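Structure, as structure tokens:
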Amino acid sequence: MALIQIKNTTTTSKYNYEPADQGSDYLNTMELNLGFIGGGNMSTAIVKGIIKSGVHPASKIWVAGPHIENLKHWSDMGTNVTSENGVVFDNCDMIFLGVKVNKLQSAIQDIKLTAKSTAKEVLFVSMLAGVQIKDLHETINSHLPGVKASVIRIMPNTPMTVGAGICLYTPDHTVMQSKCLILEKLVSGSALCEKVPEEYMDSLGALTACGPAYMYVVIEALADGAVKQGVPRAMAMRHAAQMVVGSGHMVLQSGKHPGLLKDEVCSPGGSTICGITALENGKLRATLINALELSTIRNKELGKK
Ligand SMILES: NC(=O)c1ccc[n+]([C@@H]2O[C@H](COP(=O)([O-])OP(=O)(O)OC[C@H]3O[C@@H](n4cnc5c(N)ncnc54)[C@H](OP(=O)(O)O)[C@@H]3O)[C@@H](O)[C@H]2O)c1
């Protein structure tokens, strides 16, 4: 089954930095030691994308988590695994923060307790939903005053695992263009990587990172509908998923408004418009708009905890 393979757009929005320093850092990406603090679902999706796309060797990736037994899949991928966040900190120049929001303080404290030295320059890449760049700096500065930290906030999504993800990012004002390009290079094999203003992180991030769960519900429900009409479950699921993939491709590749694409499928008096009537009666649009609003509100709440 064909999957959406979105290559990096090499961002062209007005939020791009001027290419002030696209130099050796960018060219030497493969030389970097990449770290992950927290090796759960999202970090795993990112690292799988990086390794699959061959953009960085597993031997130069480090991960830390409190339960080493939960990191077996990382050792299987050939990465370096440790239970001490300080080991990742000592070895790595660019460190992804992949813990739950309520574990941020303890994760940073663990760096302080277990690192050999905390006097160094580090680029932290935070995937923590809702946590603003200024709060990340505050936490890092309060526990690791000797660290010269810069921060890129990202909002990735789990479809990065299969090379069809999205990774939004916002750098702080100290992050050089070359560092943004390194991030883009690392994730662009598995995600559409786009720089956005931080104010969109909670809302657009809700769409891109929570959205896959909404779509799984849609796919499951559509398959249920076909099963109700007598189609075998596995066949129904396969076709529901591929239909959603194809519809996304149509929007991206045709450049047409989805309303127009919908009209093109709805013949007068036909079967599709009958189905659309049911969707409108069920308030599908309002439901999705409300879903996004609640996810955005929750993102903001999480960041304040
Ligand atoms: N999942 C998504 O779709 C998604 C999308 C965008 C952003 N995010 C963000 O990504 C972050 C991680 O989410 P997730 O879904 O990957 O959660 P997860 O699967 O629960 O992963 C969290 C990981 O952090 C580890 N951990 C806990 N305390 C730690 C500490 N003190 N030091 C180092 N590691 C520690 C956990 O290890 P143990 O399991 O061994 O305790 C676990 O492996 C969250 O902040 C979330 O907001 C997630």
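A Cβ is built for glycine as well, from the same backbone N, Cα and C atoms used for every other residue.
Keep in mind that TrEMBL annotations are predicted by a computer and have not been checked by a curator.
Here TrEMBL flags I37, G38, G39, G40, N41, M42 as NADP(+) binding site. Under DSSP, G39 (NADP(+) binding site) is assigned to coil, being neither helix nor strand in the three-state scheme.
DSSP assigns N85 (NADPH binding site) to a helix. In the shown protein chains, 27 other C-beta atoms lie within 10 A of the C-beta of N85 (NADPH binding site). Residues or ranges marked as NADPH binding site by TrEMBL: N85.
Residues or ranges marked as domain 'Pyrroline-5-carboxylate reductase catalytic N-terminal' by TrEMBL: 34-130.
Annotated domain 'Pyrroline-5-carboxylate reductase dimerisation' per TrEMBL: 198-302, in sequence order.
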Review point. Would you list the DSSP helix, strand and coil counts for the residues of the domain 'Pyrroline-5-carboxylate reductase dimerisation' (198-302)?
Key: 91 helix, 0 strand, 14 coil
**Study point:** Spatial separation of N85 (NADPH binding site) from G38 (NADP(+) binding site) - C-alpha basis, Å
**Key:** 9
Exercise for review: By Cβ count within 10 Å, point out the most packed of the binding-site residues listed: G39, G40.
Suggested key: G39
